[in-house]
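To start, the structure under review is shown below, and the notes come after it.
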Amino acid sequence: MAMDTFPFQWPMDPAASSGLDAGFLPPPAAVAPDDGVGYYDPPAGADVDAAALPEFAAAFPPCAPDAAAAVLAMRREEEEVAGIRLVHLLMSCAGAIEAGDHALASAQLADSHAALAAVSAASGIGRVAVHFTTALSRRLFPSPVAPPTTDAEHAFLYHHFYEACPYLKFAHFTANQAILEAFHGCDHVHVIDFSLMQGLQWPALIQALALRPGGPPFLRITGIGPPSPTGRDELRDVGLRLADLARSVRVRFSFRGVAANSLDEVRPWMLQIAPGEAVAFNSVLQLHRLLGDPADQAPIDAVLDCVASVRPKIFTVIEQEADHNKTGFLDRFTEALFYYSAVFDSLDAASASGGAGNAMAEAYLQREICDIVCGEGAARRERHEPLSRWRDRLTRAGLSAVPLGSNALRQARMLVGLFSGEGHSVEEADGCLTLGWHGRPLFSASAWEAAGDGGGDNNNNSNSNVSGSSGSDSNNSGSSNGKSSGARDGSSVCL
């Protein structure tokens, strides 16, 4: 394998009457009686069953191809008109909500429910309209709070979304390629994952490092995730699976979990950065959840300060290319409606099988839609922002952009080409990559480093309180950061 080339390995998903009997109907009467009604009076001894079909009951000729195409085009046009009307009804409802007109919003919502019947559920706008109509209903008529989705349920839906479409695979591949290139020539490397989930991203990186000319480095992974409500150390479970893989490909490996309800609870000392190791931070669809209303102090600042203080070799950031952090409800609703319509269209095209897998992937997206539509203030977490705004924010935090090379662009296009659907495209913009659908960017990937020195090895890192990188101090009890549910150290796995 060529140096710094990431392998494609993803271990771990109407002639209706034509059938009538020709002797079934008698011929019509030749003479009409005075009452104006035609009667048939067969001659004596005539075999009624042997009579030929009357001319008017002959089989209809099949539709000409041009006529069938015209009918299909007319139906599509009718559905398109119905879809446009439904979109206008949903936007009118959102506008009435923003204006505080509950009665008008309720009437528009009722019309939206009725209009859904005229839109095909197989179309992107038809499926997404169901979710937005449901979300508007929940906002207008709040019901008793349902139990929140458990982490296990979220992980289940996340896995189906991963399998159904190219977006998360694109995110993992692009980030891993940048990390692999940043670690070139480094003997001790440390990846800090802001959202470990099931660890789906890391088997491919471990395999790529195993194939590195000159031998693999010593790899540490610190995985951050929420505390388990059952008390089971799920982070450690993921670490054990990764350790088994690393052992099988002869990569020296250490894993450590850090449990935190929010990323701003994590402090640099909890990461146990070791002197001399090259550090990479990785964030896939996480940073937008740290944003807040303009009047509030957002947790994003503390997290970016933490990243900058460590001075990493690379900081990979994948985010939705959307603007769902607007203060005006109608603007936010409109942007989300068209964004998710494109995502649903692409999801349908990417998955040839459809079925339950697609339904679970859509359920994953439905949670985001409900948060954007129903949530306000601190209750709203899905605050997606476009790449241009992330550039400004990350630059202010003391980070510099690292261009994603032509190699990453070429291989990302190859990866996306493995999925069905010709509408997907990967484009490069100012050193960043975007994955879009029919020309609309939907996800962006960028890479960053500490400004000034381009990042580097942590030879004199003042935030580290541990020398070495064995990660063998399992079950340490980390200090709370002043919150009642502060971050804590998790178990470690070492090879």
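Each residue, glycine too, has its Cβ placed from N, Cα and C.
Look at Swiss-Prot and you will find 458-485 tagged as compositional bias 'Low complexity'.
Taken from Swiss-Prot, the feature domain 'GRAS' covers 77-449.
What Swiss-Prot records for 84-140 is region 'Leucine repeat I (LRI)'.
The region 'VHIID' annotation in Swiss-Prot covers 158-223, and the record cites sequence analysis as its basis.
Sequence annotations record features per position, and here Swiss-Prot assigns region 'Leucine repeat II (LRII)' to 237-269 based on sequence analysis.
Feature annotation from Swiss-Prot assigns region 'PFYRE' to 279-371; the stated evidence is sequence analysis.
Mean model confidence for the region 'SAW' (374-449) is a pLDDT of 93. The annotation region 'SAW' is assigned in Swiss-Prot to 374-449 on the grounds of sequence analysis.
Under the heading region 'Disordered', Swiss-Prot lists 451-495.
Under DSSP, residues within the motif 'VHIID' (189-193) fall into helix, strand and coil as 0 helix, 5 strand, 0 coil. Feature annotation from Swiss-Prot assigns motif 'VHIID' to 189-193; the stated evidence is sequence analysis.
With a cut-off of 8 Å between Cβ atoms, the residues of this chain six or more beyond the motif 'LXXLL motif' (287-291) that come close are 194, 262-264, 298-300, 303, 317, 319-320, 325, 381-385, 390. The motif 'LXXLL motif' annotation in Swiss-Prot covers 287-291.
For the region 'Leucine repeat I (LRI)' (84-140), the partner stretch with the highest count of Cβ pairs under 8 angstroms, out of 158-223, 279-371, 374-449, is 279-371.
DSSP states for the region 'Leucine repeat II (LRII)' (237-269), grouped as helix (H, G, I), strand (E, B) and coil, give 17 helix, 7 strand, 9 coil. Counting residues per DSSP class in helix, strand and coil order gives 4 helix, 0 strand, 1 coil for the motif 'LXXLL motif' (287-291).
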